[in-house]
Amino acid sequence: MNENHIQSDHMNNTIHVTNKKLPNFLLSVRLKYVKLGYHYLISNAVYILILPVGLLAATSSSFSLTDLTLLYNHLLKFHFLSSTLFAALLIFLTTLYFTTRPRRIFLLDFACYKPDSSLICTRETFMDRSQRVGIFTEDNLAFQQKILERSGLGQKTYFPEALLRVPPNPCMSEARKEAETVMFGAIDAVLEKTGVNPKDIGILVVNCSLFNPTPSLSAMIVNKYKLRGNVLSYNLGGMGCSAGLISIDLAKQLLQVQPNSYALVVSTENITLNWYLGNDRSMLLSNCIFRMGGAAVLLSNRSSDRCRSKYQLIHTVRTHKGSDDNAFNCVYQREDNDDNKQIGVSLSKNLMAIAGEALKTNITTLGPLVLPMSEQLLFFATLVARKVFNVKKIKPYIPDFKLAFEHFCIHAGGRAVLDEIEKNLDLSEWHMEPSRMTLNRFGNTSSSSLWYELAYSEAKGRIKRGDRTWQIAFGSGFKCNSAVWRALRTIDPSKEKKKKTNPWIDEIHEFPVPVPRTSPVTSSSESR
């Protein structure tokens, strides 16, 4: 199965359907202006409602002090009981609100691990190591090269040391070494940036889909940083590329019931023991696009931390399609059919369609939480017209999420996925730039890719106070998850450069770079 062709065929079918009938541009222009006016009307509805109150206040200004005193005495005389009851009710409701409201979750800072330059894996290096293992057939080597050339990956992604060696040495000790290098590197950086003492961390959530040793990765961190004995430690495995946001959501839920706490979230993936050494094409795509990386995020529910935090967590939305057999099996770790029974992750033909359904469900849930009222009314009106009144001539209205968010961090799972989301959400190249550049510079780093993308936006100086960022990722299960953040301050790239913990900061002037549709592998015999 040629996954690249599958994605291309899927995209071609989509383009064919979309271009089957040219749109009526006159109607499109009219709708555009109606929509814009509607947006301004709803957005300014508060001011329209306040206007009568202002007029009443202006009228009351003509009252004399004696008139106001008489009015007050009158109300006091005849409505003392009702006023007392109202005041008591107000105090009760205020107390109830402050005692039951959700705790605010702040992101103090985060750090992404940047491997040493000795671990850089060019496209030529990847093909050279794949050829040297002597397992892949010539056809499958050509298949991997074709995937790699169209993947959108650049020449500076990273591979673990064990797989760059000749011959490679994928073993448990090397896998542990990779995990420790990535996790500890990211954690050291975030602790240095925030100045938080490891003993103050009360919650630890680690996610890594394919590498789950005993003791666990979370236990490694507890041991390394000597975290306190009552730390709430969680290790999430097998949850795919969307597990990073699942970890954020879990930490959020725990912080609601653990007052004055810090939560450390660590997201990574392990390549050493998960390089597929077989000839099942459905499993070879993962070899070509997954690369080394990880991130550490420090959250807090302490009100005093707001002034030094970067972001506030506004929403998390989780979607799970696992009840459907096709969705459950579309990303599946199994043994291949060869005699050696090599283990790999198989990607099915309908992966893109299933991802699209999960994405649709997730954004449909998220939309009412974040979209302006004008967008919600337009969406609801077209939905009623189509479903209730059966007016099929009206096209489904796609809300403009650019009105809800300034920045988009879309999981860098592959070029075809990014192309589809860009088209379906009508995003610009500027909005897609963090995701595309992350895929180019670091490859698919699984659940941590969202943080490399946010770090890119910070290094570019794009994050301003009040900006809203949408992180969205999808992965095995099949799951699609979202997180919405609001910037609490403007991020100054010069300060990030002084800390030297942003993986982009020393080379951000080189980006964005052009990413051609095909990047030929110039040689398959490179040695290092």
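Note: Cβ is positioned from N, Cα and C throughout, glycine not excepted.
Since the structure is predicted, the reported quantities are computational estimates derived from the model, not experimental observations.
Annotation comment: Swiss-Prot describes 36-56 (among others) as transmembrane segment.
The feature transmembrane segment is assigned by Swiss-Prot to 78-98 (among others).
According to Swiss-Prot, the domain 'FAE' annotation covers 97-388.
Cβ neighbour count for Cys241 (active site) (all protein chains, 10 Å cutoff from its Cβ): 27. Look at Swiss-Prot and you will find Cys241 (among others) tagged as active site.
Within the same chain, residues at least 6 positions away in sequence whose Cβ sits under 8 Å from that of His320 (active site) are Gly477, Phe478, Lys479. The active site annotation in Swiss-Prot covers His320 (among others).
DSSP classifies His407 (active site) as strand under the three-state reduction. For His407 (active site), other Cβ atoms within 10 Å of its Cβ number 22. Residues or ranges marked as active site in Swiss-Prot: His407 (among others).
Taken from Swiss-Prot, the feature active site covers His411 (among others), and the record attributes it to similarity to another entry. There are 31 other Cβ atoms within 10 Å of the Cβ belonging to His411 (active site).
The active site annotation in Swiss-Prot covers Asn444 (among others) and is backed by similarity to another entry. Taking the Cβ of Asn444 (active site) as centre and 10 Å as the limit, one finds 25 other Cβ atoms among all the protein chains shown.
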Worksheet item: Tell me, by DSSP, whether Cys241 (active site) is helix, strand or coil?
Response: helix
